[in-house]
Amino acid sequence: MNSKLERMKELILTLDKAAKAYYQDAEEIISNFEYDKLYDELVELEKETNIVMAGSPTVSVGYEVLSELPKENHAYPMLSLDKTKEVAALADWLGEKEGILSWKLDGLTIVLTYQNGELVKAVTRGNGVTGEVITNNAKTFKNLPLRISYKGELVLRGEAVIKYSDFEAINQEIDLIDAKYKNPRNLCSGSVRQLNSEITAKRNVHFFAFALVQADGVDFKNSREEQRKWLASMGFEVVEGKMVQKETIEQTVLWFSKQIEQNDFPSDGLVLIFDDISYGQSLGRTAKFPKDSIAFKWADEIKETKLTEVEWSASRTGLINPVAIFEPVELEGTTVSRASLHNISIVENLELGIGDTITVYKANMIIPQIAENLTKSGNLPIPEHCPVCEHETVIKNENGVKALYCINKECLAKKVKSLTLFVSRDAMNIEGLSEATLEKLINIGIIKEIADIYKLNEHKDMIVTMEGFGEKSFQNMMDSIEKSRKTNVVKFLYSLGIPNIGLSNAKLICKEFGYEFEKIRHAKAEQLIEIQGVGEVIAKFFEAYFEKEENNRIVDDLLKEIHLEEMKENKEEQSLEGLTFVITGSVHQFANRNEVKAVIEEKGGKVTGSVTSKTNYLINNDIESNSSKNKKAKELGVPIITEQEFIDML
Ligand SMILES: NC(=O)c1ccc[n+]([C@@H]2O[C@H](COP(=O)([O-])OP(=O)(O)OC[C@H]3O[C@@H](n4cnc5c(N)ncnc54)[C@H](O)[C@@H]3O)[C@@H](O)[C@H]2O)c1
Ligand SMILES: [Zn+2]
């Protein structure tokens, strides 16, 4: 008995700590799988012993809502939902009644209040008793009606979610200093619980209504389905749901399961509610659950496998993410061999070691996760050095979640953008190395410095197995890298990403120093200021860049890999000197308009964006076109020439 009590106390502590991280910070320090398992164990023990400790998560919430947002108590407590993983249990629960089965959306639950047809309040679920007031943020949700035709007091609940597609896009763009968000739920929580609603507005948050709490004077004919229809008629997007009876429930669950993969919004199961409102309400509630509805969680397909490696991948925020690599297994129809471990707390809780036998599943049928570690050897070392720059790492503990960081400001992982510039068209022009690919190669330590781009051949075996890569795209990339070795000093200088040195400044500077790189790199600020078009700020940045030993090392390493073709000012070549061109419409012989521009500039000409009296030629293959540029050219008497005529001119 005593050992059971001890275990119960231990479970309560662990669950409380996890729930705090999960609800306050949208972080996971143990997997949902583990959380649910420990929770079920606690429920079992409470049944066996007939004891429920004060503060047990089975009857109450053990955490406060902590944030700088204003707080408010809910008029109706926001309960959790009882759960089952069995379809048969759903059918039994429904009995002879009709129900509505809908997605259990995985975002942030919000209660909205409308008065006089206007949205007056939005509050998060918080801990179910107290929530945070986020009214101004809610007003930026993409599909939320701000005014409705019903003038009484309306209270409804729904889920704020961020779609997978938006999650990917937003995560790419989020400020470097902002930590990367791990999943749409995490991003949604971070976006909705903002002090500044401008940020929320940029995050494309959608709202799906799932329950009507109050709308006096409207006759819903005692039907939840009628309420859903009414909400839709008010302009709300209502979560997708289907009417079911015990005979049809199995095929409806199957329908939902098939639908998941196409779903752009995250869900973590289904919810079944009685259509008969008064019947449902007559059932009352337990301390934690209403009795008129029940959640269905997917019975995850779980496979046993062996942990072969943990990959530590540094990110542009400095965060180093652990990823488990295991012997491939088939899960829900696809082969899986990797799963994010999220943070150090998860690694520690799982007591991982290489060679351990682990069980894996796909959370919500989509994201691979480790469920349990069966052998718990706990011998996995946490890296003391960054996989990218080898600087010492630190473990930061933020609100009970431990995470590993590289704190080196110069770490290449933090400089993905500069590499993106290096490979861009106007710089070294390397095709097939997207920002995402570069980031990945950096994060797993294949690219540790820029010059490593020229050594990718050595990592062919690894790269061809990467998502989106195959033999062919690898070869194309290699060809492009080889081609880029031959370049000129202007492109090279621009590719270094020296602050404020764009392509045109690079040209001016190179020209001034006779296109000789050795002279260019030793240029002094006072010499640079003399160049027309180069200001003091640019000059200082330029000088400072080449005063740094580390930068010179980077440059020297690159010079070993590339060849700078001679560039001389050749008067004959400058055949377009003094001429100004405008290019419009599509081109056929050049790859694109930028290439035409490059040729013009190479030959001393200039390209501008709009036709003025100073324009010498408008290049346009569609001479008859009525575009504004054509009209303007005709007006001003500027000759319009085709691409072919331009080539002839050369
Ligand atoms: N990993 C962790 O450390 C950790 C910690 C705590 C909780 N959890 C996870 O959270 C779960 C418990 O979460 P909970 O108690 O917040 O919520 P729940 O799973 O009991 O779900 C209830 C909530 O679902 C929402 N919902 C979404 N769509 C709905 C719909 N169509 N109809 C009705 N309600 C809908 C509502 O807000 C409702 O309050 C656990 O099972 C666990 O998986 C994980
Ligand atoms: Zn580093």
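Just so you know, glycine gets a Cβ as well, placed from its N, Cα and C.
Lys297 is the residue from Lys258, Lys297, Lys303 that TrEMBL records in the NAD(+) site together with Ser80, Leu81, Arg125, Glu159.
Here the candidates are the binding-site residues Cys386, Cys389, Cys406, and by Cα distance the one nearest Glu159 (NAD(+) binding site) turns out to be Cys406. Within the domain 'BRCT' (571-650), the DSSP-based counts of helix, strand and coil residues read 26 helix, 11 strand, 43 coil. With a cut-off of under 6 Å between the Cβ and any atom of ligand 1, the recorded positions Ser80, Lys104, Glu159, Lys297, Cys406, Cys411 reduce to Ser80, Lys104, Glu159. Cα of Lys104 (active site, N6-AMP-lysine intermediate) to Cα of Lys297 (NAD(+) binding site): a distance of 9 Å. DSSP gives Cys406 (Zn(2+) binding site) a strand state. Taking the C-alpha positions, the distance from Cys389 (Zn(2+) binding site) to Leu81 (NAD(+) binding site) comes to 47 Å.
Neighbours of Leu81 (NAD(+) binding site), defined as other CB atoms within 10 A of its CB across all chains, total 17.
Within the set of binding-site residues Cys386, Cys406, Cys411, the entry lying nearest in space to Ser80 (NAD(+) binding site) is Cys406 (CA atoms). Of all the Cβ atoms in the protein chains shown, 27 others lie within 10 Å of the Cβ of Cys406 (Zn(2+) binding site).
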